[in-house]
Amino acid sequence: MTDVTVRADDAIPAAEVEDVELYHPKSWVTKYVYCQDAKVIAIQYSLTAMAIGLVALVLSWLMRLQLAFPGSFSFIAPTDYYQFITMHGMIMVIYLLTALFLGGFGNYLIPLMVGARDMVFPYVNMLSYWIYLLAVLVLVASFFAPGGPTGAGWTLYPPQAILSGTPGRDWGIILMLASLILFIIGFTMGGLNYVVTVLQARTRGMTLMRMPLTVWGIFTATVMALLAFPALFAACVMMLFDRLLGTSFFMPSVVELGSYLQYGGGSPILWQHLFWFFGHPEVYIVALPAFGIVSDLISTHARKNIFGYRMMVWAIVAIGALSFVVWAHHMYVSGMDPNFGFFFATTTLIIAVPTAIKVYNWVLTLWRGDIHLTVPMLFALGFIVTFVNGGLTGLFLGNVVVDVPLSATMFVVAHFHMVMGVAPLLVIFGGIYHWYPKITGRMLNDRLGKFHFWITFLGAYAIFFPMHYLGLLGVPRRYYELGEMAFIPPSAATLNIFITAAALTVGAAQLVFFFNLAWSLFRGKLAGSNPWHATTLEWQTPQTPPAHGNWGKELPIVYRWAYDYSVPGAAQDFVPQNQPAATGAAA
Amino acid sequence: MVIALIFALIVIFSILFHFLSPWWFTPIASNWRYIDDTIIITFWITGVVFTAVVLFMSYCVYRFRHQEGRQAAYEPENRKLEWWLAIVTAFGVAAMLTPGLFVWSQFVTVPREATEFEVVGQQWQWSFRLPGKEGQLGTSDARFVSPDNPLGLNPDDPSGQDNIVIIGDDLHLPVGKPVKVLLRSIDVVHDFYVPEFRAKMDLMPGLVTHFWFTPTRTGTFEILCAGFCGIGHPQMRGNVVVDNEADYQAWLQKQQTFAQLSAPKKQ
Amino acid sequence: MSAILIFLAVIAGIVFWWLSQQRLMAKPWLEEGPTGGFPATAPSSLPAAKIGLGVFLAVVGSLFSLLISAYFMRLSIAQLTRTDTGLLPTPNLLWLNTGVLVLSSVALHWAQVAARRGEMDNVRAGLLLGGVSAFTFLAGQLMVWQQLSAAGYFLASNPANSFFYLITGVHGLHVAGGLVALGRTGAKAWRGIAAVRLRLSVELCAMYWHFLLLVWLILFSLLTGWAGDFVDVCRALLT
Ligand code: HEM
Ligand SMILES: [Cu+2]
Ligand SMILES: [Cu+2]
């Protein structure tokens, strides 16, 4: 750094030179399709993610139908069930949640919230979306490939993933690995943008400690993702070699359905280490943006500053750092050196402390607030309930001995759905209800929104809360039918039917949501520029929806932190970040 | 009002469900009662936290809901409160972790007197191998697998000849004696799981993994596979029969050794 | 997984050093005004592209650290189960290639210095030399592969070979990707763009080259077995 002679033109913050280089759309296609504007890219990412997410949702219905009424559906053979599980899990975690939080919310909110005109490398940002789309298409193609998609489980453990006892061994696994590799390349392109935009394109006055927690959450998650995804990338490349070129990175000498194979010397546990080295941070890559967004929703709709902002920031950073040293808690019973258990149980439970602090601060923000029970706020409250529930069951599974009986049972399935399925999805919904008015200029319908919330929240709780008890009973996961088991009472089958009924109801409620999205686009109430009376910059744009370049002629200047709600003595119950200090106003 | 009530009802419903539902651990049949105890401690601590947080939240929603003229307090932080909460949380976490680590150290220290036997997994069945008179398990490798030698024992290893091989039949164990289970897979990852024993462990191809336990009551218990291993995964079942000493010896006498099993075919 | 953990510790060090200058302890609600009174917390004056490349190199570094970790982990398991020794012979050509890559890096450094001074001829010469030598390096690596497979060390013979081909291949691909960027910079240089405007591109290329050289030196010591010896020595000293 010292060898760079700083010249005058270098010293201008990137946010301000960017206007010169800003890319300008010329036609319909370059405005909406082949477009470098982060806001458009955000919408492209979100719509693609939701479309593929819908596939995963439908798969979950089919799986639930099979579990409730085993053998009643001719179109769900065991092979299909495992393909559904795998695709459902992978789509939900990677192609829906990761893409929607970082590609969707990240692209839309980062430039607006830090007061930039666009991402710093718009062209690369556009490529990021197109590669993501390609990854999704390759994934979808595997449904139509001979033999169908892979049925190896979303963890794709070798040797099973590339042997013929597993469905989709011919094409499915190859397409899955290829798609993941593409996704990671595309994500890296986007991720560089999100990080460097936060670093370099913050407008004047936007210090780190004035950033909304949403930006903190997405920023930290992106940094983590950039460092963690290479593990999955390396693992996928190596498995692709094993499958296509006959190498043995992950293959010891094994027998495939009775005949000995020409593999040897590799190690399947190596895959598990690489996979979970990515996989655990992945949980937080999804959770941290949710943490950030929900903090802003709660603060805005409770008209109160977020409680303990500094602690919230430190906790995000601490969680981000710690989550790189806990991966092996997914491998307690994998036969790795059992002494690792002491270390990983300890680190895992330590993370609970900063996480708990965040929870306390959310509920303490409600204390003595002025709570508007708007739809985004309802989703935020629902998030707190499901996240606390799922976070606490994490303390069971992180505590190594407790994990021994519970691992690989429905308890695990219930836990991770609660904490990284339902909880982040509730935040995504809350975020969409919250920012839709900025994106489209119209409000989403309130009644439909409330209906959507109650069915989704109560329904999801009804699906996953009782499921823990199936796990305690000892019902293993990834069983397409239980068959006869002496220790499982017949009442478990009744519970399975109940869970399926709840799952179908929740699924149907999502159609209401999609209808609302489409209907409100044309018929929704006009929103105005700042319907929630929020302080952050994205609500202070000269136009709604924000025009190309976001800010008109001049970039906003930031004078205060993001949470000046209900400041004593102020004229209104919020003071926007770009409002200069009035003389005599209370600090 | 109603909304606050619903959140409170979720807590009440969850607690009632916990105590009233018929779905709970199957009665234990091994020495790992401590694991159950740790789970119960964890249930109490986490249950209290869940109840407290959600009830507090629903109280706030009720008490501070928007009404004409209400203004929120301006309260950026309260260091004392935050530190207290952090410290109390740290204690709660320690209260769960400490017993957990103690039990784990028992779990990983195999008692000297434990007798060994081997579980072999393959798509999709369980097989077993017990040491013979000489008390040694011979070497093995997936390379040696053939129809005559489905477990892949090394035919040239003398210490393997007297090993007792059980294929497609129940495993018997004597009650009250600690056993060390060695686990080996010749194809993919499986997981040896008997819910009544609580303990489970993966069978990792290329490695021999292990764990130990002491069966504490007689009876027949189902073995499940808890490591996804392909389409037949749910069908990969077996039985462990825990016998008293006399029954166990009687059963043992009837079993065949590796040498006996492969001998007739060799001629 | 020690290699990746060491790498991450370095990254964490940089991140925390940077964060420590961002006044994370400040109470933002007490500070009003356009800068909050602390200009040091504004974005750095480096061009965004440089920061961007820095972040990208962290990603690439993570990838290589993970490959190294995987290499060591498999090696330790192989030693445990005595499957193989994990090492290939080191063709002498690898030494030559290493020298060529050093030359390439030096040439780009020279181009960068020249670009700062505005000496266009030297910039062009540096870029050309750097490009040609990087290209030679790639050709040399391919020849190493050929020699090895001629001697019977095929990609799929055993995991030790596979790792050798994989790691050198991934590194080679990164060099090839760099050549594309270098080609574009070169095109600009020959089109006669002013040295000032070219400076940033040349600097980025040089930065990337130095990084790949560093990575190569680490990989080279690993694949020839010195790194393993070194680790053994450390372990012996510790125990
Ligand atoms: C109402 C919505 C959902 C329902 C009804 C549902 C249902 C299911 C079911 C039945 C399984 C298979 C369980 C088994 O037999 O092992 C499953 C697996 C899984 N689900 Fe969901 N799910 C839902 C939403 C989500 C979401 C939002 C995520 C995002 C994180 C998610 C991630 C996963 C993962 C990672 C697996 C594991 C796949 C595997 O075992 O390989 N699910 N889900
Ligand atoms: Cu994890
Ligand atoms: Cu199985």
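Backbone N, Cα and C define each Cβ position, glycine as well.
Bear in mind that TrEMBL entries carry predicted annotations, made automatically and left uncurated.
Taken from TrEMBL, the feature domain 'Cytochrome oxidase subunit I profile' applies to A:28-559. The annotation transmembrane segment is assigned in TrEMBL to A:40-62, A:82-110, A:122-145, A:173-196, A:216-241, A:274-295, A:307-328, A:340-363, A:375-398, A:410-433, A:453-475, A:495-519.
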Most Cβ pairs under 8 Å with the transmembrane segment (A:82-110), selected from A:40-62, A:122-145, A:216-241, A:274-295, A:453-475: A:40-62
Surrounding residues of the transmembrane segment (A:274-295) on its own chain - C-beta under 8 Å, 6+ positions past either end: 93-94, 97-98, 101-102, 105-106, 155-157, 212-218, 220-221, 224-225, 227-232, 234-235, 238, 306, 312, 316, 319-320, 323-324, 326-331, 358, 361-362, 365, 380, 383-384, 416, 419-420, 423-424, 427-428, 430-431
Contact set, same chain, for the transmembrane segment (A:453-475): CB under 8 Å, 6 or more residues outside the stretch: 375, 378-379, 382, 385-386, 389, 393, 405-406, 409-415, 417-418, 421-422, 426, 429, 482, 487-488, 492, 495-496, 498-499, 502-503, 505-506, 508-510, 512
Taken over the domain 'Cytochrome oxidase subunit I profile' (A:28-559), the model's mean pLDDT: 93
Interface-richest range of A:40-62, A:216-241, A:307-328, A:410-433, A:495-519 toward the transmembrane segment (A:173-196), CB pairs under 8 Å: A:216-241
Dominant neighbour of the transmembrane segment (A:307-328) in A:216-241, A:410-433, A:495-519, by Cβ pairs under 8 Å: A:216-241
Outside the transmembrane segment (A:495-519), six or more residues from its ends: residues with CB under 8 Å to it: 50, 54, 57-58, 60-61, 64-65, 67-69, 429, 432, 436, 444-445, 448-449, 451-452, 455-456, 459-460, 462-463, 466-467, 469-470
